[in-house]
Amino acid sequence: MSGLFIKKKSVGPVRRRRTQGNDSEGTSQKVRKKNGAHLREEIESDSDTERAPTRKKPNEDEEYLEETAQEKKLRLAKEYLQQLQEQEAERKEDEEEEDQDVIGNRLQEDVLEQRGKLQRPLAKELLPPDPTEIRLLRGHQGPITCLVISPDDSYVFTGSKDCSIIKWSICDGKKMHKIPGGRKGSESTHVGHTAHVLCMALSSDGKYLASGDRNKLIFIWDPLTCQNLHKFQGHRDAVSGLSFQNGTHQLFSVSHDRSVKVWNVAENAFIETLFGHQDVITGVDSLSRERCVTVGGRDGTMRVWKIVEETQLVFSGHEGSIDCVRLINEEHVVTGADDGSLALWTVSKKKPLTQVKRAHGFYGDAGLEQPYWISSVAAALNSDVVASGSHDGYIHVWRCGEGFRSLNPLFTVPLVGFVNSLQFSSSADFLVAGVGQEHRLGRWWRKKEAKNGLYIIPFKKTLVLGS
């Protein structure tokens, strides 16, 4: 019974009856009795190896029987079982305490996440990918404009200017399903998009997929079957951004009509419309709080909409059109603009904490240089790593400095074409990029050498001592 500690039970005082021998012994007994001596001596046993003491029968006052070997085995077996039960009860108590510790730690993490103070130090362990391991998945006829990864990192949806949506398997790169696009004018008969798909969002429980297009429509799909569930109408111009609030089925949509709309997808209901931007809205993002952050193109502002309070905060700092936005955590945001700048913000200050001018370099003749537009940004949630895309031939991965007060280059990933959409997996093990020959919002340039497709970029990670 190695590994088990069994207590020895202390057996109380037991009276052992003396057997009668010869007459001399009987005579001596009488003498001792006469002199007041005790006939029965008290023996206390503290060893399991000694002869087992006799037990007094409850119905007899003076008769005592010795415990047999079989009775001893039975008693020891019962004691052993009792010890096992006690140890099991202690183990369960310890497990319950451990479970309570795990729950407590999780609650503490949730509080830090809500305050924007939960941070994974990811940058120190992230290494550049091996170019030979980058996969290109092709299936769209037009440029990919948007994408979204499933919560379990098992599949990804892409939307394109060819009006179609494709569901891809991450592990093998196979096409799982395709929602074909329809021709212009077939809106009454075709179930799906008949104009450029510009944006997509997936609920945090993976139950609803939303997609928006240039035709002012929002479609709601079942991500598993890719069947259409609802169609929302209400925007008066192209739907340029979608985002689900984490843990809910509340959907935020933004449009070139300068409005923000709030929907309840589960109940197929419109909730409200918010106004404030002075130019087309080009992007939106949200996390767990009941609020969203938007960017308003050439009005040069980023806005935080507090839904419950019915208020908005206005931020400014870019010199050009702000085309993309992503929340790093509940308190910090990264944005990119067509002036080539990349900026980090906190929702408690109206100006950027830091800004990198010409983050992707510039092109053109001397004296006529133009910066490469920032067309997409991504952030590894609650970490210190962000990424940006343009059409300079590279994806840039950045490290956020302490307090998000600086942006430092980590490495670049070579990629030809317009990087119209970027997203880190939830584990930050890989990055997906939607690439096209054209910018997602227009046709100002065309890079013929680019391939319209989805790139899956796996990262390498170094083991950090003490982590």
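Each Cβ is built from the backbone N, Cα and C atoms, and glycine gets one as well.
The feature compositional bias 'Basic residues' is assigned by TrEMBL to 1-19.
Among the features that TrEMBL reports, compositional bias 'Basic and acidic residues' is placed at 38-59.
TrEMBL lists 1-69 (among others) with the feature region 'Disordered'.
Positions annotated as region 'Disordered' by TrEMBL: 85-108 (among others).
The DSSP breakdown of the repeat 'WD' (137-178) into helical (H, G, I), extended (E, B) and coil residues amounts to 0 helix, 22 strand, 20 coil. The repeat 'WD' annotation in TrEMBL covers 137-178 (among others).
Along the repeat 'WD' (190-222), the predicted structure has mean pLDDT 97. The repeat 'WD' annotation in TrEMBL covers 190-222 (among others).
Annotation comment: TrEMBL describes 232-273 (among others) as repeat 'WD'. Long-range neighbours of the repeat 'WD' (232-273) within the same chain, counting only residues 6 or more positions beyond its ends whose Cβ lies under 8 Å from a Cβ of the stretch, are 198-204, 207-208, 210-220, 279-290, 292, 294, 296, 305, 307, 441.
Outside the repeat 'WD' (274-307), and at least 6 residues removed from its termini, the chain residues within Cβ reach (under 8 Å) are 113-114, 237, 240-247, 250, 252-262, 313-316, 318-327, 329-330, 333, 335, 345, 347, 381, 441. Residues or ranges marked as repeat 'WD' in TrEMBL: 274-307 (among others).
Distant neighbours of the repeat 'WD' (315-355): 113-119, 279, 282-289, 293-298, 300-304, 361-362, 371-379, 381-383, 386, 388, 390, 398, 400-401, 403-407, 441; these residues of the same chain sit at least 6 beyond its ends, with a Cβ under 8 Å from one of its Cβ atoms. Residues or ranges marked as repeat 'WD' by TrEMBL: 315-355 (among others).
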DSSP-derived helix, strand and coil totals, residue by residue, for the repeat 'WD' (315-355): 0 helix, 21 strand, 20 coil
